[in-house]
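Just below is one structure, and these are the notes that go with it.
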């Protein structure tokens, strides 16, 4: 994929805004859950199911689509995904049957799941070295902004135009993205497709799991996103039950985490070329582990101290995802789609498991002990996995796969 710098930048922002839209589609839905329940006359459990299936489908599609991208190319997956998202959004807007709504929501998840995956894969193809890290920071920054503004937009649009208004807007944006990507996104090179097709899907995933760097990043990303969502889900309970803060005001206390995450991605863009990915890898994991332990110590003592530790945690969560993504794309040049797909799948699995397992832990022991164990566990895991990752033999398997 040879492109001029201006063309590469145009493609970068097109796929990054497409990924931003995918995150928007997921997070804009939360504020209208009461409207969905009332409009379709269904139980809270059924409404929550519509949230869960979206995440489950998104996670599963990462593995499926990653392999398809490697063997068939990204453009066909991108265009098909946006078409599916547009059609499903229209279906969600017009249907009056909740079962059909659920099916359309699943199709929407399958379509939009392709967009962040293709963005990360395309960045790996268009950029190398420090430029790749900077581009990955841009990608992650837009992904970080979406969860911060999507609930606000969802509440505003849902209040003014109902849930239908949200899905009509998502459909309209999908059509704009379809046109834009059709014009700007490059056609897949036949020679690249033939080169990639020499392997098979099992060989691609085997190379990921037998690669030391891949194993370390996948393991740490699962644990980190497990902890991140355990904290996210626990916060409203802590704020309302321990500090007796109104739910509306409690939402504002997510801002330190959201804003510092955005700041962390910006920081990654600025420093990744200066200090090196391996040094940044060690430092960001140390900061993440320390901030989790500090949260365990401070969360029930002081709102101010808790906000500061959340801000520190947010900075590490802004740095680590683009860092891990960059290292994955650097490590797996010939099966990049499969590797990024597996990385995203592991992240989503951690997100889903964190709230469930942490809820059980909180019934067994005090919250301070629960989060201390999680923080110490992440620190110990990082310490144990770093030496194998930096072993000089870590690239052997990947080289064999490249042939």
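Each residue, glycine too, has its Cβ placed from N, Cα and C.
Fair warning: this is a prediction, and the values are worked out from it, not measured in the lab.
Among the residue ranges 191-211, 275-295, the one that Swiss-Prot annotates as transmembrane segment is 275-295.
Scored on C-beta pairs under 8 angstroms, the neighbour of the transmembrane segment (8-28) with the top count among 100-120, 217-237, 275-295, 303-323 is 100-120. Long-range neighbours of the transmembrane segment (275-295) within the same chain, counting only residues 6 or more positions beyond its ends whose Cβ lies under 8 Å from a Cβ of the stretch, are 133, 220, 224, 227, 231, 268, 306, 309-310, 312-313, 315-317, 319-320, 323, 326-327, 330, 371-372, 374-376, 378-379, 382, 386, 390.
303-323 is the stretch from 49-69, 217-237, 303-323, 349-369, 370-390 with the greatest number of Cβ pairs below 8 Å to the transmembrane segment (137-157). Residues of the same chain lying 6 or more positions beyond the ends of the transmembrane segment (370-390) and with a Cβ under 8 Å from any Cβ of it are 212-213, 215-216, 219-220, 223-224, 226-227, 230-231, 278, 282, 285-286, 288-293, 295-297, 299, 358, 361-362, 364.
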